[in-house]
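Working notes for the structure below.
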Amino acid sequence: MDATTSGTPAIQYHAIPDQPIASIVVAAPVSTFQRVQRHCFGDSHPGEFPLAANPSIVLHVLTACNLDPQDLAKLEATSSFFRQPANFAPDFELSITELAALDTCQKRAIFMPMTAEERQDLKQKCGGSWKLVLRFLLVGEVCCRREKSQAIAGPGHSIAVTSKGAVYSFGSNSSGQLGHGTTEEEWRPRQIRSLQGIRIIQAAVGAGRTMLISDAGQVYAFGKDLFGEGEYGVQGSILVTTPQQVESLKNIFVVQAAIGNFFTAVLSREGRVYTFSWGSDGRLCHQTDPNDAEPHPLLGALENIPVVQIAAGYCYLLCLACQPSGMSVYSVGCGLGGKLGHGAKTDEKYPRLIEQFQLLNLQPAVVAAGAWHAAVVGRDGRVCTWGWGRYGCLGHGNEECESVPKVVEALSNVKAVNVATGDYTTFVVSEDGEVFSFGCGEYASLGHNAAAPVDGQGNRHANVSSPELVTSLKQLNERVLQISLTNSLYWNAHTFALTESGKLYAFGAGDKGQLGIELANNQTVRWNPERVDIDFS
């Protein structure tokens, strides 16, 4: 009913003074109804942001909601209120959205220990905006699963890191790569006791070598002592059987490591990439010998562009870079098979931008480097693969090589969030937690158990050239978050699936105990996913 005909006096709600709620007194009734323009605050005009009179409340809300950089940028585009200086500490010239981005950055584990100078350097490297710094930090957390549990299926041995930072190892141990002070194999997960008091957040595994990264950015290594050795048949001069801190990295805060053939790479929290060895003939931007234990910064195009993720394959390295215009991928190293993604099979001594993603209008979100092929997941959920297509590992329905990234059309109805690559094998994890795999099916590493041979051993190929749903994981009724598989040319492959509830399942080759599961009756392969006894909470 309209107030003008009801006889009920109207109350004016505009121009209410700023005072405590308890002290607000309703004005005396007026005798006549006045139709006026209603404002939220004093003399503000229609269309202005309603909380402009209390910007501290706005800042609190933006920070508490943990808005991502894109949302903050959209707010700036919506109203001038979000673009003008907010006159708040620590920087009175920053806008509300920039302050909210800075406050959110300060909640991130990697950002918190940085000095003021280091933070400003990172800001300039990211493009001069705290929103871009926030994007750099968030993308890095997603790519590397920082501060979360993970399992790594290495060549012959495996490493598991719990959410509390405890480390378990099992499998082959001929070089002391399990870190228990011995060279005896372990067929059940065993915690590395010497690391007690040190919280590990990330691991990298190579043939006979293991590297662990702590939440303080320190790197511990054990197994073969040479950073630059090849994957097969080469022993270091000394075997390190317990975790030892890498002295040459003490002054670098490391957040990720990647072990490739003949070289090792690490990523600093500021987004700088360093490599060890494989520097003969100036490979990887530098000239060194295989025994070189000093990290060398990756030069060229990535010197002033922050990197959020690295992935190492057979003699090549992929870098996911964070630029103001968006995410991009650079590659460097050996180009055989077209695995560098530049349309040719030539080597690159300096990082080179893979331009194909711009043509595909795809923003890379996660990169994976297999032995001879590579893959990327885009922000929109599309999957691209390229390189040597042997056994159908590219998922395009054939075994042809692709020298530039190509969208896997068979996954057009799947929104992917993660991808893992191995020795001619690829796994894709969807937003719903479903898993698809394709490529070489030897040793049951694809998870398609229908191809199991009668003798129960892994001596039969069951290759898949187009993505297929891994039904053996689907039947577990668990949402899969992460897949890890062996990425080596010389070892029988195995695969891990880590679920949202913190359960770890393993399948594939287990001849060295790398599954963490005792195999009965002299079997060497586990065809169906089986739970590994590790507490990931």
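Each position is counted from 1, following the chain as shown.
Quick reminder: no glycine exception, Cβ is built from N, Cα and C everywhere.
TrEMBL annotations: computationally assigned, not manually curated.
What TrEMBL records for 165-216 (among others) is repeat 'RCC1'. In this model, the repeat 'RCC1' (165-216) carries an average pLDDT of 94.
The annotation repeat 'RCC1' is assigned in TrEMBL to 217-270 (among others).
Taken from TrEMBL, the feature domain 'RCC1-like' applies to 227-532.
Residues or ranges marked as repeat 'RCC1' by TrEMBL: 271-323 (among others).
For 327-380 (among others), the entry in TrEMBL reads repeat 'RCC1'.
Residues or ranges marked as repeat 'RCC1' in TrEMBL: 381-432 (among others). For the repeat 'RCC1' (381-432), DSSP puts the residue distribution at 6 helix, 23 strand, 23 coil.
According to TrEMBL, the feature repeat 'RCC1' maps to 433-501 (among others).
Note on the repeat 'RCC1' (502-537): DSSP counts are 0 helix, 14 strand, 22 coil. Here TrEMBL flags 502-537 (among others) as repeat 'RCC1'.
As a quick check, the repeat 'RCC1' (502-537) and the repeat 'RCC1' (165-216) clear the bar of 3 or more Cβ pairs under 8 A, pairs 6 or more apart, so the two touch.
Assigned with DSSP, the residues of the repeat 'RCC1' (271-323) fall into helix, strand and coil as follows: 9 helix, 21 strand, 23 coil.
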